[in-house]
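What follows is one structure encoded as structure tokens, with my remarks underneath.
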Ligand SMILES: Nc1nc(=O)c2c([nH]1)NC[C@@H]1CN(c3ccc(C(=O)N[C@@H](CCC(=O)O)C(=O)O)cc3)C=[N+]21
């Protein structure tokens, strides 16, 4: 039996239309459209494509989008000043600092992320939001893991009581994914580069989330028959070609559900950014 392929486009469209309805409702109540600022530092070509896509999606949605493009050699204080200006800008409800930063700024990455006001932190990277997520409080949730959960929910994939295995422990995907699955009563295992018997643990998963950043890392022998396989990997194998972490062609013959790359959860990441921007605007504008 071949897996059902979870195409992201369908789900992303549905989630964007939900966000769109909330934008209309908000503008009827307040006369104000949500505003998102994306800060991009330097000329990383992949980042430029992502930022352009975010901008385009905002325009389709009726979100005011502001791109703050800063030079490769921007200084630490200059970037902080830009973040603070956006924190104080009443027309901006969400702020996203596009990663990765240029080499010279990378060592201050956390300092920059922590300068973003938690209520405008549409990436959910601020420790206040990460902490609130871990204790099950309402917060801004990182877009990629939130998109994975929404996709499973829309596809009627049960989570409660399931064994979930996440490969990767990043603050951006692995850890928030673990918290989101835990909050839905999955039994969660997080694997990483020091995990012994990773293949064996992965093969026990009902839900397997791959967020490692290595092409073909997840092979068919690591997947239980009928499992749900969510591929979060984005590996650039040529200037215009990306692939995931999962050996798609072989794993799809064994899994029950599988997300492709491209065309899978990446599309939901942007949809969730729109969702988070609307939620941030509502929090700031409505009593
Ligand atoms: N502060 C910050 N927040 C982010 O959320 C963030 C970031 N920095 N840096 C880079 C990553 C990457 N990311 C993606 C967004 C959309 C797709 C996406 O739409 N992917 C499509 C098309 C991909 C393509 O063809 O190039 C797909 O998977 O089908 C992928 C990846 C957000 N990121």
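Cβ coordinates come from backbone N, Cα and C, glycine included.
These features come from TrEMBL:
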- 168, 169, 170, 234: NADP(+) binding site (BINDING)
- 7-123: domain 'Tetrahydrofolate dehydrogenase/cyclohydrolase catalytic' (DOMAIN)
- 142-284: domain 'Tetrahydrofolate dehydrogenase/cyclohydrolase NAD(P)-binding' (DOMAIN)
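Residues within less than 8 Å, Cβ to Cβ, of residue 169 (NADP(+) binding site) and separated from it by at least 6 positions along the same chain comprise 175, 190, 191, 192. For ligand 1, there are no nearby binding-site residues; that is, of 168, 169, 170, none has a C-beta under 6 Å from one of its atoms. Its Cβ placed at the centre, residue 234 (NADP(+) binding site) has 19 other Cβ atoms within 10 Å.
Among 168, 169, 170, 234, the residues given in the record as binding NADP(+), the maximal Cα to Cα distance rounds to 16 Å. According to DSSP, the secondary structure content of the domain 'Tetrahydrofolate dehydrogenase/cyclohydrolase catalytic' (7-123) in residues is 68 helix, 19 strand, 30 coil.
Residues within less than 8 Å, Cβ to Cβ, of residue 168 (NADP(+) binding site) and separated from it by at least 6 positions along the same chain comprise 174, 190, 191, 192, 209, 210, 211, 212, 213, 232. Around the Cβ of residue 170 (NADP(+) binding site), a 10 Å sphere holds 18 further Cβ atoms from the protein chains shown. In the three-state DSSP scheme, residue 168 (NADP(+) binding site) falls into the coil class. Remark: secondary structure over the domain 'Tetrahydrofolate dehydrogenase/cyclohydrolase NAD(P)-binding' (142-284) totals 54 helix, 29 strand, 60 coil, with classes taken from DSSP.
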